[in-house]
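**Student:** Per Swiss-Prot, the features are:
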BINDING   SER14, ASP147, ILE148, GLU149, LYS187, THR188, LYS189, PRO190, THR191, GLN192, LYS223  CTP binding site
BINDING   SER14, LYS187, THR188, LYS189, PRO190, THR191, GLN192, LYS223  UTP binding site
BINDING   SER15, LEU16, GLY17, LYS18, GLY19, ILE20, ASP72, LYS239, ASP240, VAL241  ATP binding site
BINDING   ASP72, GLU140  Mg(2+) binding site
DOMAIN    291-542  domain 'Glutamine amidotransferase type-1'
BINDING   GLY352, LEU380, GLY381, MET382, GLN383, GLU403, ARG470  L-glutamine binding site
ACT_SITE  CYS379  active site, nucleophile
ACT_SITE  HIS515  active site
ACT_SITE  GLU517  active site
Amino acid sequence: MITNYIFVTGGVVSSLGKGIAAASLAAILEARSLKVTIMKLDPYINLDPGTISPKQHGEVFVTEDGAETDLDLGHYERFIRTKMTRHNNFTTGAIYSEVLQKERRGDYLGSTVQVIPHITNAIKERIVIAAQGYDVALVEIGGTVGDIESLPFLEAIRQMVTDVGRSHALYIHLTLLPYLTTAGEVKTKPTQHSVKELLSIGIQPDVLICRSDHEVPDHERSKIALFCNVEKKAVISLKDVDSIYKIPKILQSQGLDQYICDKFNLKCPKANLGQWEQVLYEECHCEGTVSIGMVGKYIELPDAYKSVIEALKHAGLKNRVKVNIQLIDAQELLTVGIEKLAGLNAILIPGGFGHRGIEGMIVAAQYARENRIPYLGICLGMQVALIEFARHVAGMEKANSTEFDPDARYPVIGLITEWQNEDGEIAVRSEKSNLGGTMRVGAQKCHLVKGSLTHQLYEKPIIIERHRHRYEVNNMILPIIEAAGLSVSGRSMDKKLVEIIELPHHPWFVACQFHPEFTSTPRDGHPLFIGFVKSALAHHQDSLK
């Protein structure tokens, strides 16, 4: 199988939405019965984003095979059916680490190790590995053209055209057309300079996707085509929209997918975007609104909870309601009080690390339990729910996690010291282990208790969900908590690790150690989130009576 490559770069400014544009294009190509994958090349020196602050970088998206990756991979999985793997995201740091290890082993036979060819060859090798078995591979280059950090990646994709042949490679450049209100027009000069910067590296873009808050007029498209040396039909206007799920239709309406198929000489049926039209129909036909409070640690940057926010929106689509998400700083619940929780139809506590804000989260979990408000706890959200229940129902005053209090009298949550990893080997950890690459991470099977709420939602006895954590429920103390009324509705396949807890006599109180948000999509939703939003709607309707 010959793989065709589409390289996506960005210019003028950052945060233009290269990931969304690439994912939307991939969705159209997939709808044409092509086998498609996407990868993200990040120019930072970290080995992976696993230890980068969510306030700086946004969420860490976890793949099925346990890779901690860029949040753009979440967009990829929400737009296409292909599951991402550790091969779909790598960084400058990972490339340099690999090359330096080879140098130490003597793999380069005494050669002087340089950016060209050693670093660029390593980049190309990884791209080819990730693209194997696919008709089309989209490669998004992180950063902005002109950044010094991106140069090795840009040089590598320049070389790849020669390696794979011009008929199997295509460059898309995403750029900004600012609109000047005083002049009443979009300005093309920044785009011209961005393309000029690319040309200086040796890359001539084949397609320009022009981002703007206004539609790009036909005469401006002609001007861009002339000065940037691209065909007019390859100048795509992509103005701001109120829903990212409209973008596949916008790109298709301008013939981008057909242009690419013609370039690659791909004979395939026209795209059937019926499923995306259904998503848009559901968005436009919401019959109500529910307010869900998300009590977190990193609310300054909503991207820190990107997949959770999207999963709530997906569940809203399936319930035909608009989900109004209120981001609540956990620490403020201690300083300002619980007034921020009043009027909510449901409460969600997402994942996180460290002790900051924990007591505020415990207050939120207690409020949801005592006021019979639907509650969904994810990862840390399950742990704080368990701590709260132990303290206030099971009589374990000052119960805590050893992450927050190593000397807790009742350590209801403790460090996982060993478990079986994806290779079947026993992984061992301690408090002194490195932070990076030392978690129980990736897809794990979970056995559900028949008759439980979770079992009713999933409608199957065994599920597979993705994890990312170091701490687990302490099985030595668990029987006391269960005797007080808490139910364990999901365990690992060896029955050693608690995965899901419920409160049977509460309208809807579910908390899980895994991250269900990573497998939610706009076309399918996710059972837990759909059930959660449905319960929020029921709570809202009851409050109106």
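Yeah, the Cβs are placed from backbone N, Cα and C, and that goes for glycine too.
Give me the structural setting of these features: burial, nearby parts and distances.
**Tutor:** Long-range C-beta contacts of LYS187 (CTP binding site), restricted to its own chain and to partners at least six residues apart, with a cutoff below 8 Å, comprise LEU177, PRO178, TYR179, LEU180.
Taking a C-beta cut-off of under 8 Å and a sequence gap of six or more, THR188 (UTP binding site) has these contacts in its own chain: LEU177, GLU220, LYS223, ILE224, PHE227.
Look at GLY19 (ATP binding site): DSSP puts it in a helix. Counting only residues at least six positions away in the same chain, the Cβ atoms of LYS40, LEU71, ASP72, HIS75, TYR76, GLU140 sit under 8 Å from the Cβ of GLY19 (ATP binding site).
DSSP assigns ASP72 (ATP binding site) to a helix.
LEU380 (L-glutamine binding site) carries a helical DSSP state (H, G or I). Remark: LEU380 (L-glutamine binding site) has ILE349, PRO350, GLY351, GLY352, PHE353, MET361, HIS469 as non-local neighbours, by Cβ distance under 8 Å and separation of at least 6 in sequence.
Around the Cβ of CYS379 (active site, nucleophile), a 10 Å sphere holds 23 further Cβ atoms from the protein chains shown.
HIS515 (active site) is surrounded by 24 other CB atoms, counting those within 10 A of its CB over all protein chains shown.
Cβ environment of GLU517 (active site): SER307, VAL308, GLU310, ALA311, PRO350, ILE378, HIS526, PHE529 lie under 8 Å away, each six or more residues apart in the same chain.
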**Student:** Where does GLU140 (Mg(2+) binding site) sit in DSSP terms: helix, strand, or coil?
**Tutor:** strand
**Student:** Distance check, please: Cα of PRO190 (UTP binding site) against Cα of GLY17 (ATP binding site), rounded to an integer number of angstrom.
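**Tutor:** Checking the Cα atoms of PRO190 (UTP binding site) and GLY17 (ATP binding site) gives a distance of 17 Å.
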**Student:** Taking the domain 'Glutamine amidotransferase type-1' (291-542) alone, what is its mean pLDDT?
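**Tutor:** So the average pLDDT across the domain 'Glutamine amidotransferase type-1' (291-542) works out to 91.
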**Student:** Provide the three-state secondary structure of GLU403 (L-glutamine binding site) computed with DSSP.
**Tutor:** coil
**Student:** I want to check the contact list for SER14 (CTP binding site): same chain, sequence separation of six or more, C-beta distance under 8 angstroms. What comes out?
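**Tutor:** For SER14 (CTP binding site), the qualifying residues are GLY143, THR144.
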**Student:** In whole Å, how far does the CA atom of CYS379 (active site, nucleophile) lie from that of ASP240 (ATP binding site)?
**Tutor:** 34
